[in-house]
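Annotation comment: TrEMBL describes 95-127 as compositional bias 'Basic and acidic residues'. Residues or ranges marked as domain 'HMA' in TrEMBL: 10-76. The region 'Disordered' feature in TrEMBL is assigned to 87-127, 282-308. Positions annotated as transmembrane segment by TrEMBL: 137-154, 160-177, 189-206, 212-230, 362-382, 394-417, 696-716.
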Amino acid sequence: MTTTNETGTTACDWTVSGMDCASCATKVRGAVSRLPGVRDVEIGIMSERLRLTVDERLTDTDKIEKTVRALGYGIQTRAPGKKDFVIPGSAPESHQGHSHDAHPAVAEADHSGHGSPGHVHDDPADRGKAWYQTGKGRLVILTGLLLAAAWAMELIAPQIGSWAFVAACLIGVAPVARRAFAAARLGQIFTIEGLMTIAALGALFINAAEEAALVVFLFAVGEVLEGVAAGKARDGIRALANLVPKTALLEVDGVTREVAASSLTIGQTVLVRPGDRIPADGEISDGTSGIDESPVTGESIPRTRGPGDNVFAGSINTEAVLRVTVTKAAEDNTISRIIRLVEEAEEARAPTERFIDRFSRWYMPAIVAVSALVIVIPPLMFGQTWDTWIYRGLALLLIGCPCALVISVPASIASSLSTGARRGMLMKGGAVIEAAAKVSHVAFDKTGTLTHGRPQVTDLVTFGTTTEAQLLEVAAGVESGSSHPLAVAIMDRAKTAGVTPLPARDARALTGRGVEATVGDALAWVSSPRHASENNGLDGLGLRQATIFEEEGKTAVAVYRKGIPLGLIAMRDELRPDAAEAVRQLADMGISSVMLTGDNPRTAAAIAEGLDIRFKAEMMPEDKLAAIRDMNAQGGVMMIGDGINDAPALKQASIGVAMGSGTDVALETADAAILRDRVTDIPAQIRLARATMANIRQNVSIALGLKAIFLVTTVFGLTGLWIAILADTGATVLVTLNALRLLRYNPEQKR
Ligand SMILES: Nc1ncnc2c1ncn2[C@@H]1O[C@H](COP(=O)(O)OP(=O)(O)OP(=O)(O)O)[C@@H](O)[C@H]1O
Ligand SMILES: [Zn+2]
């Protein structure tokens, strides 16, 4: 997707394949960010996405592709078929359809990024080459060579065996050295490949051929394991992308034909058979069936949907044939927005991660310097033997790889994001997860979060000679322009009563109080009893009646024409069944909940009583902002709203969570979203965030701890080269595996 903004920059997305570890990402980021015209680089190792902000004038995007390929990775533009994003030299023709369909077809001839032999070019010669350069192929060949060398050493002659080990080492290190050289030419001097090459050649130099070969072998093992682990972590995100059906049965003039789902346009009709996935967001025009929305929102109970109801792409039609009118283009589908959000979330880096990035930038050079000192100082100053200290220095070099440390955060976050997304819990990145884990207060907007947000009219009270029909006629007229839940309730009631709303002009919302409009030739209001009585629209008796409704937990509004009270309308919005449970769970987690409402204190108290929650009533939007600011100051606050009416409050909070089902959710306005109609998903989301942060802490300790231990044992000569490489790749694999545990984490389970 291409977006241009006022600063004259353009953002563009690419898919980069073969980046299985963090040093890969660091390398790509470093090399690409040095190119002229590139302002900002974001990389998602798990989503394989490279997002660049480039100068508008930059037309030579070819350079970007060349650079990434030179480093040994595959690259492809992400906006196939989009006219406004045509990159010279890119090959979108192999990449039609939805941008996520064609991951495997990405690699190029000179691709040699580690781990991913799946992404290989068509030409057989190139395929062989790529297979060798990826860890797996090299591993097979090296295993053979090492066995042969060991055998030669035992059975033929030690000298021949040694030479065989040297050969194995050189063959194994060649592709690594090539990558190191390419990176160095692009300004990335300190790379793990570079360290590996120096260590292997250095070991040969001090006649430790056997160990050099072993190190090269273990490095290949590590790359394969990293590739497997990263692939697993990636599957979570890829599984989301696979939810979008590839094809659709388009119906034109009663004839159906199969077309690509991505080609559907708004207004077209598609036929969805039972068992099929719905190919597009749309509205049912014909048929009634159970719809399983679990792939999109995580809600596992199928719901019956009929004509006029909205359905989401990716949901499963369980029972009967449906005709669906497409209402959104493929890239605007709810599921596409979710996928985009998850991918972007992976790139939005947590503060911890930024710290680690900075750390690793000086860590590697520092280790190189220390290694140099270790090699030089003991022999020069204390007359020790060179070989011993060269050996220890080389082993230290290998410990200089910050891979495990750098991958620790993104791997945990990627797992956490896909665990959440499977349950319809979305968080926009590491920073949000980090903040969610620290939250001490949760503020709920009342309507649509603790309650269903669909109030129903329960009582009508008329004054004087006014009839119920007249009351509704005026009320519905005034409300006809409003989308407020109370307005919807009044309009609904008028409709079922068969009352036509009177035409109204100049409708104006009185924030937090009600609505006014001109009906006929007089101004009329529908507003809170308090506002009405201040405006002579409600007398003492009427106010008392309103109070009674309010004490029952209903919301009453007064209807009046200029100076003439007409009546009262009482409405009730049911609590969500799990609202009380959610508040209880939050309390158990040490989090205090508060309900913020524009409703009056009596209604609020009646509702809060059933929930055991604190409340603040008659809050104007600015009061809500102030309350949130206060709670922000006392630790973090998570604000839950529907994301539509309360965007400012959501923004103000440390974390704003939009809650509601599917399209109702304004995904873009909040930091996080809950797609299922479950209030208990709020404590679940915080639990997931806490588990994620705990996982990150474990990972950082594993990575740093192992490094620290082996740093010491290496300097004292207790462990050697091959332990160093084992500790390094072992740490990376351990950290990734630990992160994968989050994929099985069940945040709904209380603990
Ligand atoms: N369209 C409307 N019709 C009638 N009354 C309204 C309308 N809009 C607001 N009001 C009155 O103003 C009060 C506060 O409304 P507002 O929309 O500001 O509350 P809110 O804080 O969004 O609601 P909640 O806390 O229920 O989510 C309502 O209780 C009602 O009395
Ligand atoms: Zn790597």
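Backbone N, Cα and C define each Cβ position, glycine as well.
Computed over the domain 'HMA' (10-76), the whole-number mean pLDDT of the model equals 78. Taking Cβ pairs closer than 8 Å, the transmembrane segment (362-382) reaches residues 190, 195, 388-390, 392-394, 396-397, 399-402, 405, 715 in its own chain, all 6 or more past its ends.
Each residue in the domain 'HMA' (10-76) gets a DSSP state, and the totals come to 21 helix, 25 strand, 21 coil. Long-range contacts of the transmembrane segment (189-206) within the same chain: residues 21, 23, 27, 166, 169-170, 172-173, 176-177, 179-180, 183, 212, 215-216, 219, 364-365, 368, 386-387, 390-391, 393-395, 397-398, 400-401, 403, 721, 725, each at least 6 residues beyond the stretch ends and with a Cβ under 8 Å from a Cβ of the stretch. Packing against the transmembrane segment (394-417) from elsewhere in the chain are residues 21-23, 25-26, 44-47, 190, 192, 195-196, 198-199, 202-203, 215, 226, 229-230, 233-234, 236-237, 342, 345-346, 349-350, 352-353, 356-357, 359-360, 363-364, 366-368, 370-371, 374-375, 426-427, 429-430, 433, 688-689, 691-692, 695-696, 699-700, 702-704, 706-707, 710-711, 714-715, 719-721, 723-725, 727-729, 731-732, 734-736, 738-743, 745: each is 6 or more residues past its ends and has a CB under 8 Å from a CB in it. Packing against the transmembrane segment (696-716) from elsewhere in the chain are residues 350, 352, 356, 374, 392, 395-396, 399, 404-405, 408-409, 411-413, 723-724, 727, 730-731, 734-735, 738-739: each is 6 or more residues past its ends and has a CB under 8 Å from a CB in it.
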